[in-house]
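Database features (TrEMBL):
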- 340-349: compositional bias 'Basic and acidic residues' (COMPBIAS)
- 25-81: domain 'ZZ-type' (DOMAIN)
- 83-135: domain 'SANT' (DOMAIN)
- 88-135: domain 'HTH myb-type' (DOMAIN)
- 88-131: domain 'Myb-like' (DOMAIN)
- 382-467: domain 'SWIRM' (DOMAIN)
- 329-390: region 'Disordered' (REGION)
Amino acid sequence: MTIILKKRKYVSDETEELQNEVEIGQKYHCDNCEKDITSLVRIRCAECVEFDLCVECFSSGVEIKEHKNDHKYKVMDILDFPLFDPDWAADEELMLIEGLEMFGLGNWEQISDSMMTKTKEECAQHYKQIYIDSADWPLPDMTKKFDVATMRRSCKPLRPEIKKQVKVPTKPVCSLPHNHDISGYMPARGDFDVEYEDNSEDKIKEMVFEEDESEEDKLLKVTVLEIYNKILDHRRDRKNFIFERNLVDFKKIQSQDKKRSAEEKEVLKRCRPFARLQTAEDFENLTEGLINELKLRKRIAELQELKKMGIQTSREALDYRNQKNVRDANYKSTMTRDSYMTHHGERNIPSKYSQSTLNKVIKLDEGSRSSTPTKSSRPHTPESKKSAHSLDISQSEGYELLSSQEKTLCSSLRILPRAYLVIKETLLSHHQKSGGKLKKRQARGLVKIDVNKTGKVWDFFIQSGWI
């Protein structure tokens, strides 16, 4: 083609275009030698369609395709001279008018990006000064005269301070609390500033069906339009999904989330992918049912634990929970102390805490954790301990990997073989890494079971000669 049109548009979606040299307005090439003649005087054939030649090819009488050297022609000068303002060339005036026609009055940022030579402030000020404030409004003052010979100027590329403002379009931000209540949502219009597949229109806005097009080109364009129609359907479905579930009311959603527990939030998080497959009412019924199931399971597990401990009244259950909370608090404090000793060694223990004092604390903690509340909430007695009998592990996984002594130990301590093997591997490996300096109370911090069971396993390892 004679003219390679670089349409003046908003910032391109392609990063490569921004990384290359900024292309301003239209680019013209010689139809014969393909030389860039955008900033040069060119010769345009008046009889051929979009046919331009450089001065050298025109002077040599080039004839290509349907063009003959005896055709009428026009000399196309460069629009680098001012018309109404010495700082604005004629081509910039044309780009300003085209930008206003394309993007609308007041959209100065996109007009500036399409021109690539002026800032949005300069565009707004120039339009107000030349057109709005003109005595011949809406026409500018046509009586101004400039010395074209001395004031010719080329259309300069984007200045550095303007070029920094040009960025590659990014994905729209998510509707999260640290951004906005609802990103890009305009309640008065009931619409979104950034649509789904927001740049889809760029692929069809310059599409034109020509009469002399081939069937393949027409079929390709029809296919592109069908794809665009599907995108519009997806936009409609997404909007319906949002408005039917009132997802734009972020304050209400946030207040509801604050009332839910962590388990309920996890259930909702896992169910969200299924929301698109159901109506709003069906999805709400599904989530409510799953949350009720979660509450029932949690309550059943709590009652089973109370039954296992021999508790039958509400008073006994309340006492049990209080004692359990005390034991858990003591256990956490013990774990914190053991973890400190593991990392810093026994020498770093403050001198005001003697070794005998620490041993007393350990014994008190072991006694509180080994006790189990009874019906009368009295101190623990051997007769009331329901878990004292041995556990049958003959059918458990890993049973054949244990020795006879280990089988007896696991059965008496009610530890499954697989769990025992993990405990064994953990303690022996840490004992080897510490060079044989691993202490018994340090071992309690490595194994997340009852400290009494850990102590008996430790004693068994010593008797077996492994430690």
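Backbone N, Cα and C define each Cβ position, glycine as well.
Proximity of the domain 'HTH myb-type' (88-135) to the domain 'SWIRM' (382-467) is not established, fewer than 3 Cβ-Cβ distances being under 8 Å for residue pairs spaced 6 or more apart. With DSSP states grouped into helix (H, G, I), strand (E, B) and coil, the domain 'ZZ-type' (25-81) comes out at 5 helix, 14 strand, 38 coil. The average per-residue pLDDT of the prediction over the domain 'SANT' (83-135) is 84, rounded to a whole number. Secondary structure counts, DSSP: the domain 'SANT' (83-135) has 35 helix, 5 strand, 13 coil.
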